[in-house]
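Data block below; observations after.
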């Protein structure tokens, strides 16, 4: 470690070089797998099978996407995944909003215990619950059914949703609501007309997390959907890519790209909006 | 995770104190509201989290195989299942491996994550945006998509990693099968999990670093402190609480890690990548010994408690401060 005062620009420049080189390395290492996935998905088959990898293809093709889309049950698995994910997100938001409001805006006995329960639930060892869930689902006739997955994903995402919405809610001054109530609004009117609009970015940010969790979930989907193969979700289908596509890496990467697309897009679109919304809310507040 | 930084500061006094205003008659109903609002959450947690946990505990002291699953009644066998798994030398191998797996992963993740965070702080604006977007890309990539990509990167034939290593002079990597060799499969999984986890650590720690006031650095430098000294006495103390939280979370995540291992190696080859969660799953699914699987799961939870308790204490302390 060098120490002491630097003297002037040449030293800073010399110091910047390894720093920027390191930054470039980190960027390449973190982005390359994603780049390689998308590139392979669009690459003509001969270039995928070239002994020397082609890092910049001569032409692009949609053939692999067509292969992926023609795979058995492709549309069905998309429908299943979207259905499970969206219902889980909506359910978690509605339920969590109530709980978050109670924690952030009301004083009541047992509040601290409830918050503690939410924290504990947030780090619940879900992987350890695969076996009892399987047995319970079997006993109650919930095996091989998508609503079972929705319920489990709802519970997986709920604690985080409560915690995050709570902290968004505490960020919105309670005085705004109180002023509305002085003006004659009921508590629920005040919430609907004043707080809820300000909370919208928070809801968006929180649902992003819920969406990602449910969209990705593999272990329970793999454990609880067994006989009824039509009810599988995308992650389970994609994990068995070698049964579906063999060593057709183009099609596998096309399917992976399509699977990753909603999440990556949501991230790109929403992150900006969430940040902007939060800044806007802070200024208005 | 992403607690907005502004939320803590903007909290306006004790909530709900204001509007009591003497409407005592309605008070009973009013006091019921919070409980009605949390009821769905509590019911959900009890049915979908509490009950399965209890059921797991129960199954671990019952004889619960395929027959019991179909018939529905299971005899109580006390601690026999625990005895059976604890006296199985394979379990100790798995525990040993799980600790190594967790330790190595977490060490790499925390060291690399901290280095990247410190780097981000020193970068110019453009470079910082470039690196952050790369990190977010890795962070946001769905786990299963990433596992298929890593299998492609490390494919024995046409895989770009084998090509690169061969080009670098390691001829033995030509058509090397990463998943056929226990240690190699372990390395692939390690790289996969580290790749997925470093962005969260780096971005969170970088956000924490931003809260270090610049004047503090300035005055330390004026007092003649060197870079290492500044890091140790200014940066580190401010970073410590966040660092502790992130460390706990990473330990929990890596320890529980199941999907990546199951999707890439299925715990193989020859069980070389079987960690505790994979072990429990395997016993239950392929041997239909739900009782033993439940016992292993319970042990997993007990081991996790060692990390969970400090984590929860930190969360509660933070909660009390707010």
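The backbone N, Cα and C atoms fix where each Cβ goes, glycine too.
Remember, TrEMBL labels are computer predictions, not curated facts.
Feature annotation from TrEMBL assigns region 'Disordered' to B:1-20.
Taken from TrEMBL, the feature compositional bias 'Low complexity' applies to B:1-11.
Tertiary neighbourhood of the transmembrane segment (B:32-54): same-chain residues 301, selected by CB-CB distance under 8 Å and a gap of 6+ residues from either end. The annotation transmembrane segment is assigned in TrEMBL to B:32-54 (among others).
Look at TrEMBL and you will find B:95-313 tagged as domain 'ABC transmembrane type-1'.
Among residues of the same chain six or more beyond the transmembrane segment (B:99-120), those with a C-beta under 8 A of the stretch's C-beta atoms are 128, 131-132, 135, 186, 190, 193-194, 197-198, 200-206, 208-209, 231, 243, 246-247, 250-251, 254-255, 257, 275. As annotated by TrEMBL, transmembrane segment applies to B:99-120 (among others).
What TrEMBL lists as transmembrane segment is B:129-154 (among others).
Per TrEMBL, the feature transmembrane segment maps to B:184-212 (among others).
What TrEMBL records for B:242-263 (among others) is transmembrane segment.
Marked as transmembrane segment by TrEMBL: B:292-312 (among others).
For the transmembrane segment (B:184-212), the most Cβ-contacting stretch among B:129-154, B:242-263, B:292-312 is B:129-154 (pairs under 8 Å).
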